[in-house]
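Below: the structure, in structure tokens.
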Amino acid sequence: AASMSVVEHVREMASAGLHSNVRLLSGLLLTMSGNNPELFSPSQKYQLLVYHADSLFHDKEYRNAVSKYTMALQQKKALSKTSKVRPSTGNATSAPQSQCLPSEIEVKYKMAECYTMLKQDKDAIAVLDGIPSRQRTPKINMMLANLYKKAGQERSSVTSYKEVLRQCPLALDAILGLLSLSVKGAEVASMTINIIQSIPNLDWLSVWIKAYAFVHTGDNTRAINTICSLEKKSLLRDNVDLLGSLADLYFRAGDNKNSILKFEQAQMLDPYLIKGMDVYGYLLAREGRLEDVENLGCRLFNISDQHAEPWVVSGCHSFYSKRYSRALYLGAKAIQLNSNSVQALLLKGAALRNMGRVQEAIIHFREAIRLAPCRLDCYEGLIECYLASNSIREAMVMANNVYKTLGANAQTLTLLATVCLEDPVTQEKAKTLLDKALTQRPDYIKAVVKKAELLSREQKYEDGIALLRNALANQSDCVLHRILGDFLVAVNEYQEAMDQYSIALSLDPNDQKSLEGMQKMEKEESPTDATQEEDVDDMEGSGEEGDLEGSDSEAAQWADQEQWFGMQ
């Protein structure tokens, strides 16, 4: 009995991490067992199946692994039945062996991992749900909490996250999970208070929890202030996660300049940073910095092509180069890699919208809103879809809802005004809302653009020029310079209009409308009234519209891939 059994050799190799060797040997032994059922005891069969399944899991053959794990659990059932009936058959090694059996709970966790990799979340939940709550380890509770959250079962999710915190009070991601399910910051903090008081240098944790509570209630201003106060603490200075959160918050608050600065800072500190780089790429693309976007995409693909971010960044490059079918394909690939990627959903939604597939686009924006109910840009995307399909009423309902849920700030006021501008009845209301927004934030670009649009309709060019000069006093923005150019043309200030178009084009060389403005002026030094009218009507602030350009052959080429990536 001194020599090791062959099953023990398999176990030794498994714990030594020799997966490919385990896979070959256990495969052969299982065949022997099938041909002679008496060869191995039930407990040995159980072990062989588990080690074999583990090696399949390691080779990413999840469906095969699940079937072997399932067989292992059936074997375990038979084992527990027989072990009650007959005592061990006199051989001394079988007693310690039961201690070495792979844990059944670990097997179920592995099964759930397989199911999530196979995108069968319901099955994953079912397996983990079957484990009595007393026997659930922290990682099982964490996985369950995430799965429940994704499935929209919020109460079960909260219960599981709380269970993780009870077991591990410093599980910060579980804390974020609770905050994202609108559990109050104070309640979450109370679950960690003992540990904060008993360990030195953790006094920042309660502030950290407070900061992310603000993030998840959509209070961007207070979230920014709180994280800045953490960032200033010498011990947490230059933390990449905090800088990334800060960049994201500036972005949500519509402060793109500061957002880009913080992303650059984070990237300098950690050249392998992936998280948040999709938002960074989107911002660069919006600013017309397409070469930077291309470089960022290449860098990210070098770091990992298994994350959504590089695909989204590359997709933003395509989108802003008006290659919508390619952007669509890249967005779909990103969603396939990470179904929670809000940025990928927004990219794919915008591409579908610009290709005229508005109903499909709406589905994507709704899903983005479900995942990020505090992000204004998700609602903006949906509202643009409604306006594109002339559902002004639905757009109005949605804009009013956002205004109520996210509060009256410059961004929500402007969004509501944008919809009001589409309806002749609500022009006055739009004016009031925009003035309110500009009182709160005189430099908020979207509000300035919409207000200029209103003034041009009323042909109040002098007021418009004053508004734009004021907004451009402490910032430079392509769209504002271009619109100022349009207004100057309207009051016959050609030379200065030319200067403004040039500045706009130096900021974004791809800005089509500035080019058109310049060409019009070069054609006719003194435009007639008709062209003034047309010139002003044509003004649109977003710079994101445009029909599907790019040849049919390109569209066809991506269409093949579309089927391949199982897009809706």
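For all residues, glycine too, the Cβ spot is worked out from N, Cα and C.
What TrEMBL annotates here:
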REPEAT    342-375  repeat 'TPR'
REPEAT    478-511  repeat 'TPR'
COMPBIAS  516-526  compositional bias 'Basic and acidic residues'
REGION    516-568  region 'Disordered'
COMPBIAS  531-552  compositional bias 'Acidic residues'
Notebook entry, point to check: Per DSSP, what is the residue tally for the repeat 'TPR' (342-375) in helix, strand and coil?
Noted result: 27 helix, 0 strand, 7 coil
Notebook entry, point to check: Between 0 and 100, where does the mean pLDDT of the repeat 'TPR' (342-375) sit?
Noted result: 92
Next item on the list: Over the span of the repeat 'TPR' (478-511), count residues by DSSP class, listing helix, strand and coil in order.
Entry: 27 helix, 0 strand, 7 coil
